[in-house]
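> Pasting a structure below so you can have a look.
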Amino acid sequence: MLVAGIVLSRYQMPLPIGLERIRITYPVPADPGYLGVMTGWDGQWYRIIAEHGYPLVLPRTGTGAVDMNPWAFFPVFPMLVGAIMWLTGLPFAVVGPVLSTLIGFAAIHLLFRFIDRAVGRWEAVVAVVAVCFYVASPIFSASYTESTALLAVVGCLMLLRARRYGWLVLGLLVLALSRNVVIAMAPVIVAHAVVRWRKGDEGPNPVRFRLGMGVLAAYAGMLTWLWPSIASIVTQTPNAYTQTMLAWKIKTSLKLYQWWDLLYGYAGVLGQVGGIVIVALYAWWMLSQHSWRWGPELWGWAGAYPAYLLLVTNTTPSRVRYAMLAFTMALLLASFLGLRPWRRYRYWLLGAVAVAGAVQMWWYTANYIVVDSLTQIPMLYP
């Protein structure tokens, strides 16, 4: 998608400070080039963090409400960018996209190794193709946290499968400070522990193992409040993170009703019925023996993260990139392409999936990343 970014960046309109529909901190000229496009949108907030850190005092609007500010964004990626900028003297426009791309390469490499060992080579190939050609995968080269989050998620799952629980404690901490998805790891840890218990594989001290797994799952859940707590302590403002998110009109509450309304908005009652059918079919698949062969770690993430998306995330256009961490969906594709009627053509079919994905990636770059108009309703953004 490097070519798409270079070509489509020519259609980027100038974005000066003071626009009504988009908060602009760093003015962007027309046709800013690939790196200019890949540092836009939330990338501007990560640039503020990389160059200036987080504010000690929350900014306020004229009404006294907390205004948009960097505390909405998690620190691992921008702090790494800032450290490299300080060491090399390179600007954010270079370090941000390049680092995100390199982290993405590392994440995809680990993803292949993990699924290859846990399930099989064919499933690993399909997973890599599906993730790399997913519609929102151009974000892996933008100044966003998707690459970092994918690396942290895959790393935690690998550590859990390898039973490296001490290192997993550190991995969960990194994930908690990369993206607010660490709570989805708690059910995965429980699934891992239950499988070991059912197999009678709890080690020489079963009581100690069960207690340790319970503490580890609770730790993963509690880490959800780590970054909000840090924000409140540093700014000396109760609920600093919650108030900051409200500036984006994002409430820290369950969001299932938003998806229900979205389905109705798209296709009325038929859309809602279709949504129920899809969830029911997915639940049936997850409870069948077809998915058990993935192992408890992949199986747990395949159940926990989609549930997290439905319950916690908003139905904004960003939902498209949030779905990238649901890479276990690729295992469904691998099973479908491996069915007997077309098994001999599966690599050709996978190639067709990649081509279709490349077309969608071009469309996503043109409509979600590049800004060529401010009159579009609804406004699409990554």
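Heads up, the Cβ atoms here are built off N, Cα and C, so glycines get one too.
When I checked TrEMBL for this same protein, it listed these features:
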TRANSMEM  70-88  transmembrane segment
TRANSMEM  94-112  transmembrane segment
TRANSMEM  124-145  transmembrane segment
TRANSMEM  165-195  transmembrane segment
TRANSMEM  207-227  transmembrane segment
TRANSMEM  263-286  transmembrane segment
TRANSMEM  298-316  transmembrane segment
TRANSMEM  322-340  transmembrane segment
TRANSMEM  347-365  transmembrane segment
> May I ask which of the stretches 94-112, 165-195, 347-365 has the most CB pairs under 8 A with the transmembrane segment (124-145)?
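Out of the listed stretches, 347-365 contacts the transmembrane segment (124-145) most.
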> Do at least three C-beta pairs under 8 angstroms join the transmembrane segment (165-195) to the transmembrane segment (298-316), pairs 6 or more apart in sequence?
yes
> Against which stretches of its own chain does the transmembrane segment (322-340) lie, if we need a Cβ under 8 Å and a gap of at least six residues from its ends?
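Tertiary neighbours of the transmembrane segment (322-340) are 111, 115, 119, 122-123, 126-127, 129-131, 134, 136-137, 139, 146, 149-150, 153, 181, 285, 290-291, 294, 298, 301-302, 305-306, 309, 313, 346, 349-350, 353.
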> Same chain, outside the transmembrane segment (207-227) by at least 6, Cβ under 8 Å from its Cβ: which residues?
74-75, 165, 168-169, 172-173, 175-177, 180, 182-183, 185-187, 189-190, 192-193, 196-197, 241
> Out of 70-88, 298-316, 347-365, which stretch touches the transmembrane segment (94-112) the most, going by CB pairs under 8 Å?
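It is 70-88 that shares the most Cβ pairs under 8 Å with the transmembrane segment (94-112).
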> Near the transmembrane segment (298-316), which residues from the same chain, at least 6 beyond its ends, have a CB less than 8 A from one of its CBs?
115, 118-119, 153, 157, 181, 183-192, 250, 254-256, 258-259, 261-262, 282, 286, 291-292, 322-323, 325-326, 328-329, 331, 381
